[in-house]
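Here is the structure we will look at.
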Amino acid sequence: MRQWWERTRERPVVAHGFVAFKRYTSRLGPQFAGAITYFSVLSMVPILLFSFALLGLTVTVLRPDLMDVITTTIASALSNNAFPDELSESILSLVVGALQGWSSVGLVSLVAAAYAGSRWAGNLKRAFRVMWSEKFSDAATKRFFLWEQLINLGIFLGLLLAIGFSIGVAWVGQAFSHQVIAWLGWDGIPGISVMFRLTSLLLTFLASWLLFVFLFLVLPNQPVRPKVWLIGTLVGALGVTVLQSVAGLVVGIFSGNATATIFGPMIVLMLVFNLIASITLIVAAWVGTDEVWEAERARELADEAAQAEAVAALAAYAAAEQDDRVAGRRSADRLRDPSEPLPEIGPDSYIRQDYAARGMKVNLGVGWLVGAATGLGLGALIVGGVKDLFRRR
């Protein structure tokens, strides 16, 4: 089993993946993913407020006839849930007042969304470039503050458009395919539901791929090979597609519990945000290590060999010390003869931390004893010299 794992570990695809994951973990990938998740949730609040303001603009200015439809729908929903009349009227008047005050809500939410969105895009760009760049410091290059914020805001708006376009492609494609199946009268064909499900997954994959194409166009700061770039977008889209399918199943499981129905979707949403951020950063690390993973893997093997050599040398040294621990057991010839030479440790070898600490303690103890003895000897010489001086007088 161990030999099989070592052979598998040395395959180029697997070795490249391990090097990429090592870069992801060593460069604070989980922490960056958590920060992206936080700013994603934070940015949703002003975006939802701005969407509500757009709805208010629509029903009060553009299509005022829809206000009656909305109020009727809300009143019906409140009455079906057995709310008291006073509470239902308060909620309805609050919603209507908020829709009518869309201008103030829209202005505040627009400013808040621009600020939170630019911060979110900036953190996403910084984390992405940390994984993508050859050196950690390469991701810290910034432009003039105002210009940098405008660029981050542009990335945020472009990302919103890319997400909307991707969702639109998936939704329209699924609805169109379902309508085509109904037009052709294929509803009763066995296995048509499986085909429809596969079509939905394919369209979801296409939408996710378009999103990753946008990210991989605007976020990187260093060029890579087109083939690796394309593979990275496809792998990221595949991971997000699988994640969306699993998230849909989890939400379906939560729908059976009243408490889980309230908090479950939010928990799943935050988990999905975190996993999407992790997938994006891992793929960025994989693409970024395309030209250096072989050298890094060779360096890891050299370090492992050097550490094994150092451990073997230290073990031989410990064995020699064990043989010669008690000087009284040695013969006179053994004491006069030089001991066997100890194995030399190369300058690039490493010593285990516990062995190094133990050796340091011994060295400190010996140094203290030698220093104390030297100090006592010097003190005795000084005292003797002073006494002789006084005797002569």
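A Cβ is built for glycine as well, from the same backbone N, Cα and C atoms used for every other residue.
The transmembrane segment annotation in TrEMBL covers 32-57 (among others). Same-chain residues lying 6+ beyond the ends of the transmembrane segment (32-57) with a Cβ under 8 Å from its Cβ atoms: 98-103, 105-106, 108-110, 112-113, 116-117, 119-120, 123-124, 126-127, 130, 156, 160, 269-270, 273-274, 277-278, 281.
Marked as transmembrane segment by TrEMBL: 91-116 (among others). Counting only same-chain residues 6+ beyond the ends of the transmembrane segment (91-116), those with a CB under 8 A from a CB of the stretch are 39, 42-43, 45-47, 49-50, 52-57, 59-60, 67, 70-71, 74-75, 78, 83, 153.
Residues 43, 47, 114, 117-122, 124-125, 143, 199-200, 203-204, 206-208, 210-211, 214-215, 218-219 of the same chain, all 6+ positions outside the transmembrane segment (150-174), place their C-beta atoms under 8 angstroms from a C-beta of that stretch. The feature transmembrane segment is assigned by TrEMBL to 150-174 (among others).
Under the heading transmembrane segment, TrEMBL lists 194-219 (among others). Here the transmembrane segment (194-219) has Cβ contacts under 8 Å with residues 124-125, 128-129, 132, 155, 158-159, 162-163, 165-167, 169-170, 173-174, 177-178, 181, 229, 232-234, 236-238, 240-241, 244-245, 280, 283-284, 287 of the same chain, all six or more residues outside its ends.
Under the heading transmembrane segment, TrEMBL lists 228-254 (among others).
According to TrEMBL, the transmembrane segment annotation covers 266-287 (among others). Long-range neighbours of the transmembrane segment (266-287) within the same chain, counting only residues 6 or more positions beyond its ends whose Cβ lies under 8 Å from a Cβ of the stretch, are 16-17, 20-21, 23-24, 27, 29-30, 32-34, 36-37, 40-41, 124, 127-128, 131-132, 212, 215-216, 219-220, 224, 228-229, 231-232, 235-236, 239-240, 243-244, 247, 250-251, 254.
If you look up TrEMBL, you'll see 362-386 (among others) marked as transmembrane segment.
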| remark: In the same chain, residues at least 6 away from the ends of the transmembrane segment (228-254) whose Cβ sits under 8 Å of its Cβ atoms read 201, 204-206, 208-209, 211-213, 215-216, 260-261, 264-265, 268, 271-272, 275-276, 279-280, 283-284, 286-287, 290
